[in-house]
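Notes to accompany the following structure.
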Amino acid sequence: MSNSSEWIARGDQHIAKTYGRYPLVPVRGAGCRLWDADGREYLDFLAGVAVNNLGHCHPKVVAALQDQAARLLHCSNYYHIPQQIELAEILCAHSFGDRVFFCNSGAEANEAAMKLVRKYSREKYGENRFEVITALASFHGRTIGTISATGQEKVKTGFAPMVPGFKYVPFGDAQALKSAISPNTCAVMLEPVQGEGGVNVPPAGYLQAVRQICDEHGLILVFDEVQVGCGRTGKLFAYEHDGVEPDVMTLAKALAGGPPIGAMVAREPFVSTLGPGTHGSTFGGNPLMAAAGIATLKVLLEDGVLENCVAMGDYLRIRLEELQLRYPFVTAIRGRGLILGMELSIDGGEIVTKALQRGLLINCTVGCVLRFVPPLIVSRAEIDEMIAILDGIFAEQR
Ligand SMILES: *Cc1c(COP(=O)(O)O)cnc(C)c1O
């Protein structure tokens, strides 16, 4: 087994250079901790970017994977897959959804949603009804379709031409959304809380207003809950905070507690527009990932994880606000549950690098917003430890 610097040198030779990686080689994890190839310990407040919601290697998820791995790893979606059926039952029982399409990632879930809204609307209203309105500062994935949907130029550079049929409006402005509607508009796609765009929580009443506008104009409402679903905000799904339901919701990241999975949850009559042969995925909803998904949702719903997320979200926010009072370069704290952003008037990237050197994993979005998305099982003691590290770094900034 190589040490960290040997692994980094080997990776430099043969791994595609698509990520600006930090010099960290994690090899083991448990709860909110990671250990690197040199045996060094880290406190993880990034959680694989909101994936490890139950912490690393949650014993019930690991047991479900081990058990399923020994029975059946994969079979085709030409056949019926019990684990996939059970996972769909749980998702529909706890949401607005009637049916679920399974895939392997957030981008794929959004691709399924975009195919659904186009096909349904064209069949119902005519050939030209294919435009989707999304938000500025949104993030929907890295495929050609989902970078076209994303309201940020930086993900599109070099990849033109984009898929036609997207319009972007400021997030949180219902009037702007209304003005962007044309006879060709078929759907609106939004993150209920924007993650990559800087942890942006919409103003109260915004999502209700969007729902109403969609109803008035016959538009399908899609919520991308890839980052903020699965308990991250303190409710199972982020839309529950706003008293509105979408017609389609996409999930991925935390749905199986670590292993790759994606899902599009949707209601009738929309979802049945995707009939046999219209969409598919070789691996989507395979027995192994679906078994991990069932175990993950059961822990989320039955083991007090959502309650802990609410309590620890409140506590983390209070502790971050204390730092805001003491350090003038902290300009805002925002978020919901355990997705919290701290906006800085200084470079956030440098803070992330210093945190890593001190054994703390956090990240920075849009250059100046520190993002805290720890496992939802995080404790007060771990939050205190994180705050102490951050305080030490901030004290050096003066
Ligand atoms: C991460 C993310 C995606 C993309 O998910 P992948 O699994 O990386 O394809 C899409 N939407 C949102 C809101 C995300 O945070």
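Each Cβ is built from the backbone N, Cα and C atoms, and glycine gets one as well.
A TrEMBL annotation is a machine prediction, not a hand-curated record.
Just one of Phe130, Phe139, Phe270 is listed by TrEMBL for the same pyridoxal 5'-phosphate site as Gly106, Ala107, Asp224, Glu225, Val226, Gln227, Thr282, and that one is Phe139. With respect to ligand 1, the binding-site residues Gly106, Ala107, Phe139, Asp224, Val226, Thr282 contribute Gly106, Ala107, Phe139, Asp224, Val226 as residues with a C-beta closer than 6 angstroms to one of its atoms, given in sequence order. Around the Cβ of Asp224 (pyridoxal 5'-phosphate binding site), 32 further Cβ atoms fall within 10 Å across all displayed protein chains. Non-local contacts of Gln227 (pyridoxal 5'-phosphate binding site) by the CB criterion (under 8 A, 6+ apart in sequence, same chain) comprise Val49, Ala50, Gly106, Glu191, Val193, Gly195, Glu196, Lys253, Ile339. Cβ neighbour counts within 10 Å, taken over all protein chains shown, single out Lys253 as the most crowded of the recorded positions Arg142, Lys253.
For the binding-site residues Gly106, Phe139, Glu225, Val226, Thr282, the largest tally of other C-beta atoms within 10 A is found at Glu225.
DSSP classifies Gly106 (pyridoxal 5'-phosphate binding site) as helix under the three-state reduction.
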